[in-house]
Amino acid sequence: MKGCKGIRNPAFVASSPDSPRRLCPLPCSVEVSVLSTNPLREGSQPQEPQEPQKSPEPPLSSVTPPGSQERSGPESLSEYEEGPCGWGNFQPQCLQCCNTPQGFLFHYCLLALTQGMVVNGLVNISISTIEKRYELKSSLTGLISSSYDIAFCLLSLFVSFIGERGHKPRWLAFASFMIGLGALVYSLPKFFSGKYQFGSLFEDTCLTAKNKTTCTASSSSLFYYLYVFILGQLLLGTGGTPLYTLGTAFIDDSVPTHKSSLYIGIGYSMSILGPAVGYVLGGQLLTVYIDADLGQSIDITEDDPRWLGAWWIGFLMSWLFAWSLIIPFSCFPKHLPGTAEIQDGKTSQIHQSNSLQHTDGNFGQSFKDFPAALKNLMRNTVFMCLVLSTCSEALVTTGFATFLPKFIENQFGLSSSSAATLAGTVLIPGAALGQILGGILVSKFKMPCKNIMKFALLMSITALTLTFVFVYANCENEPFAGVSESYNGTGKLGNLIAPCNANCNCLRSYYYPICGGNGIQYFSPCYAGCTNSVSKRHPKVYYNCSCIERKTEVTPTPSSFSFEAQAGKCSSQCKNLPVFLGIFFAAIVFTFMAGTPITVSILRCVDQKQRSLALGIQCVLLRLLGTIPGPIIFGITIDSTCILWDVNECGIKGACWIYNNIKMAYMLVAISVTCKIITIFFNGLAVFLYKPPPLGTDVPYQNQNSVVTTVSLECDLSKAGNDG
């Protein structure tokens, strides 16, 4: 008599040679536990029955083969649709060399690089140019920047839930299309807004005959291009959603457990290098005139404040590059060859808790399961602790990514471009190196889930100790006329106007610092009372400045080496910059060394079929609690240290020109330490709460929902007899 056939239940499937075999006994209504005490392994022979009362065990051929749960039955037949690389019946042999985890990772890295280059590189570096060209306020350009996160938050949960059982590589092809389309739409205002009219040159010196400007409110039709930029960012956000949820889950599917962290770390490091490429490319393109495509000659140079660069070229390049990745992603199969075998070799490390609802094999097939899936993940305390730790870390990292150049510029008296270059030199390589090192160490030592979380905790503690470098880096403000120094004994502190410049009609909204020969910094040549300048020298020099004490009148000539002031800030006496950059680089490395391990821990502690949704929840909370409020909190904190504001002709306060350096340093330390402590608290809580599956129960991924399931089988004896 043959054993029972046609019965499919997750509790009765052996998915690896070392896992217990589940046998189907003949007697009816027999309670069978998943954890068999008499496993029958491959290669073993079924024993003959010793007593006639006992039912004989089925032959080896009737035992469900490894992994057959996922490859048998109508609803699970496509669970691991491994196949060749190609489109339908067109499967060129030359493409099969790419049908590997390494081939997929290569294209994933290219897409992550492109996405990071556009969203965090080209968009950021072009913001100031777009403000000037389309006459937009900073608050409106801030709305443009936030549009990406808005789209990501709205779509992340739904895309990650629906795409989990879908064709993930095709979702990434869709992501490539949307990222390319978003970049194309973002560049369109250039082609519909007409030629740029740069107007007349602004005179920065003291002219007593200059008419005083009046408060006027003007509106421009260029304002409506704001909605085109927002649409472009929404499309970019739509494209970024599958990349960091479904793409990460697909990589984790396709490689063994101990290699997953290495692959994910490499992929994430490319998304960090993307902004660096965007800044370098965008910076070079801004040296090209904005209307270079019209082929007309102009008589202004980059040093002219009216100059606007070709911000749009980088977006067109990104559009073409992103769309070139659609074809490679569309040719990948639903699962790479060997995925089923890799999954058979994995064991579940899901967090064990009585509050978690165990799901069956069909869970997640319908969108009706979405609320239950969401609730199940939110009740996973370890998962939520890990997500909250990443949120606090994201808050501080995005804050520094935004304001570190401003900190360096003010503390060490550097120009904006030099400060941005140094900040990028520290942040980008440090973050990329940290992601890769974290992935390599976790992969090399083959850490289980709990040890991975302990490793991330250790890295966060190390980064916390290095954060106090800001206390060491604080520097006193340099002498500034009208702020910390008087105008040769005249005027009042806190007031830029003094008798020496009262008749110059200077604009407080035009900040162009110069350094006097007396070592004192002035707000602009006009506020220094300078009436003459020589622009052919670099830096530009000024003469006959009424607010700078001098002995004789100077006749300006291009060959003259004697001057009273020169463009730019005075050299800072603070010599701590090299030490600060070195220690802060180490802090960034250790901070991001915890990034990849935390992501891997999230993938391990949740149900295998809910990993994409888990990453979607992480991305939503990461933005709602981290990347969106981070720059806002940092901005408010830094503004609280301002000692000189920009006030325009209408009396409206604008940007801050001068900060209290000491106060700024201590405020940044306070924010950083607070966020680091929150990160460490939730990391430590996750380590404390995590409960791995009991020892000796190496349950494969496919069976992780059936560990504690007991089922009752009803065998049809008459059918079994007929089959026999």
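Cβ coordinates come from backbone N, Cα and C, glycine included.
Taken from TrEMBL as is:
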{"type": "REGION", "residues": "1-23", "note": "region 'Disordered'"}
{"type": "REGION", "residues": "37-80", "note": "region 'Disordered'"}
{"type": "COMPBIAS", "residues": "42-53", "note": "compositional bias 'Low complexity'"}
{"type": "DOMAIN", "residues": "104-687", "note": "domain 'Major facilitator superfamily (MFS) profile'"}
{"type": "TRANSMEM", "residues": "105-127", "note": "transmembrane segment"}
{"type": "TRANSMEM", "residues": "139-159", "note": "transmembrane segment"}
{"type": "TRANSMEM", "residues": "171-188", "note": "transmembrane segment"}
{"type": "TRANSMEM", "residues": "224-250", "note": "transmembrane segment"}
{"type": "TRANSMEM", "residues": "262-290", "note": "transmembrane segment"}
{"type": "TRANSMEM", "residues": "310-332", "note": "transmembrane segment"}
{"type": "TRANSMEM", "residues": "382-408", "note": "transmembrane segment"}
{"type": "TRANSMEM", "residues": "420-443", "note": "transmembrane segment"}
{"type": "TRANSMEM", "residues": "455-473", "note": "transmembrane segment"}
{"type": "DOMAIN", "residues": "494-549", "note": "domain 'Kazal-like'"}
{"type": "TRANSMEM", "residues": "579-603", "note": "transmembrane segment"}
{"type": "TRANSMEM", "residues": "665-690", "note": "transmembrane segment"}
Do the transmembrane segment (171-188) and the transmembrane segment (105-127) come close, with at least three CB pairs under 8 A (pairs 6 or more apart in sequence)?
yes
Contact between the transmembrane segment (382-408) and the transmembrane segment (310-332) (at least 3 Cβ pairs under 8 Å, separation 6+):
no
Assess whether the transmembrane segment (310-332) lies in contact with the transmembrane segment (420-443), where contact requires at least three Cβ pairs under 8 Å among residues 6 or more apart in sequence.
no
So, does the transmembrane segment (455-473) come close enough to the transmembrane segment (262-290) to give 3+ Cβ pairs below 8 Å, pairs being at least 6 apart in sequence?
no
Using a cut-off of under 8 Å between C-beta atoms, tell me which stretch among 105-127, 224-250, 455-473, 579-603 contacts the transmembrane segment (420-443) the most.
579-603
Using a Cβ-Cβ cut-off of under 8 Å, list the residues of the same chain that are 6+ residues beyond the ends of the transmembrane segment (224-250) and lie near it.
104, 108, 111-112, 115, 118-119, 123, 130, 134, 136, 140, 143-145, 147-152, 155-156, 159-160, 163-164, 166, 168-169, 171-172, 174-189, 192-193, 264, 267, 271, 322, 599, 603, 611-612, 615-616, 619
Secondary structure tally of the domain 'Kazal-like' (494-549) (DSSP, helix then strand then coil):
0 helix, 15 strand, 41 coil
